[in-house]
Ligand code: SAH
Ligand code: SF4
Ligand code: F3S
């Protein structure tokens, strides 16, 4: 898959990574229930994972899921507030959904997730077709709220919680290909990066019971899954204690417990915060073959003054130290990716150059790249001036994207001529004669199908590459 480049975004992700950022509609459950739920997810993997929890809660209330909006009695949009554009996308979508609602006036429309939390009941006034507004910690209240709408009232619950982790809810795997699944290990974020709306939309950080995570991984293995991705905004600050306090589990220890569930279960995780990633985590990764050698380590900027304004609580030297630790402990082949923000408040041309030089130093396999979008209520919106002109932001972003294309290609070229162990996720986008999967470093590998199928581990000799994909042939 070649990357689609636009000035806001570079897309050289696997279908699953793309799914974690783009809309995806519900898979069908079709068990003959009387009513149907259609749910679309936007934003990060946490939202996609939450939609699986929501579907499970609504299933118990008599709702099958459908992928046909026309069939739905209940339509949920699980929304994202991270950038202005993300919210605009949802508002535009509501305009389209209005068309379906006109044809079927009894259709209920709910806004879930981060926009619901940020805008609260004002969403009901701004978007007349919306019946329910439900924040990310209030999903257990959905049956009750839907009953309210059934009896003719609008319904809002945006209470945040310090405890809710939905640990006991068995997600309906809407976003899964049957090979790879998400497991949320924590919720919320306590970091207060100055540009970021997440602490306001997701509340305080809390870690989920380690043993409920292990049980979920075991259940997935029993169902034939081959890969899990442990999700949190900052997985390295995972910390759980048993009720009597006798046992505590940090992220390295959790990773080990999940790796031990089954030797052929691949374990991935996201996102690592540079301030918290420890050598202990890196050594645990090294110790277990089934923990993938790939780290998403968002830098945001390569300049220490800008990082301080962003309240990232590390500087360039610290970040480089963490990258060096990854290279020393896990070797040059460990995949590293980043998120970058172009044109943050008061960023100068020289400071922007520091981001480009950091990218040269690290040689990221890929990055998610954005220009700064001021979010109401954040520290930056309150204290800093959004003073880099849009044209400058866009030009800097284009330079960052171009740099990433070069490094992605260079990193992929290193993989040519080697054999990679690939977990097959399905057919390639272009042909059912070819399969697509990912190697340990999270890169997409395409090869001729032969007798292989979804869920197989296949050794693939890579003979060619593009910016976003490796091409090869099975050698088993
Ligand atoms: N918890 C993750 C990031 C989650 S948000 C971390 O700390 O790395 C995903 C990415 O969106 C961020 O890494 C950042 O690059 C981008 N982002 C967040 N707020 C933004 C804003 N106001 N403008 C532009 N990009 C933003
Ligand atoms: Fe946002 Fe920072 Fe928390 Fe990531 S760590 S979610 S960027 S506040
Ligand atoms: Fe968006 Fe909320 Fe995730 S703001 S990025 S959906 S935590």
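Just so it is clear, glycine is given a Cβ too, placed from its N, Cα and C backbone atoms.
No curator has checked TrEMBL annotations; they are predicted automatically.
The [4Fe-4S] cluster 1 binding site annotation in TrEMBL covers 44, 80, 114. If you look up TrEMBL, you'll see 189, 193, 196 marked as [4Fe-4S] cluster 2 binding site. Look at TrEMBL and you will find 35-151 tagged as domain 'MTTase N-terminal'. The domain 'Radical SAM core' annotation in TrEMBL covers 175-410. Summarising the annotation, TrEMBL assigns domain 'TRAM' to 413-476.
Counting only the Cα atoms, the space from residue 193 ([4Fe-4S] cluster 2 binding site) to residue 114 ([4Fe-4S] cluster 1 binding site) is about 17 angstrom. Listed binding-site residues: 44, 80, 114, 189, 193, 196. Those with a CB atom under 6 Å from ligand 3: 44, 80, 114. In terms of Cα spacing, the binding-site residues 44, 80, 114 all stay beyond 10 Å of residue 189 ([4Fe-4S] cluster 2 binding site). Checking the binding-site residues 44, 80, 114, 189, 193, 196 for a CB within less than 6 Å of any atom of ligand 2 leaves 189, 193, 196, listed in sequence order. With a cut-off of 6 Å between Cβ and the nearest atom of ligand 1, the binding-site residues 80, 114, 196 reduce to 196.
Excluding the listed site residues 189, 193, 196, the same chain places 191, 192, 195, 197, 198, 199, 233 with Cβ atoms within 8 Å of the centre of the [4Fe-4S] cluster 2 site Cβ atoms. Between the CA atoms of residue 80 ([4Fe-4S] cluster 1 binding site) and residue 196 ([4Fe-4S] cluster 2 binding site) there is a gap of 12 Å, rounded to the nearest whole number. Using a 10 Å radius centred on the Cβ of residue 80 ([4Fe-4S] cluster 1 binding site) and all shown protein chains, the other Cβ atoms total 25.
If you take the Cα of residue 196 ([4Fe-4S] cluster 2 binding site) and the Cα of residue 44 ([4Fe-4S] cluster 1 binding site), they are about 13 angstrom apart, rounded to a whole number.
Ranked by Cβ neighbours within 10 A across all protein chains shown, the binding-site residues 114, 189, 193 are led by 114. Taken together, the residues in the domain 'Radical SAM core' (175-410) have a mean pLDDT of 97 on the 0 to 100 scale. The number of other Cβ atoms within 10 Å of the Cβ belonging to residue 44 ([4Fe-4S] cluster 1 binding site), over all protein chains shown, comes to 21. Close to the recorded [4Fe-4S] cluster 1 site, the chain also has 42, 43, 46, 47, 79, 81, 82, 86, 113, 198, 201: residues not among 44, 80, 114 whose Cβ is within 8 Å of the site's Cβ mean position.
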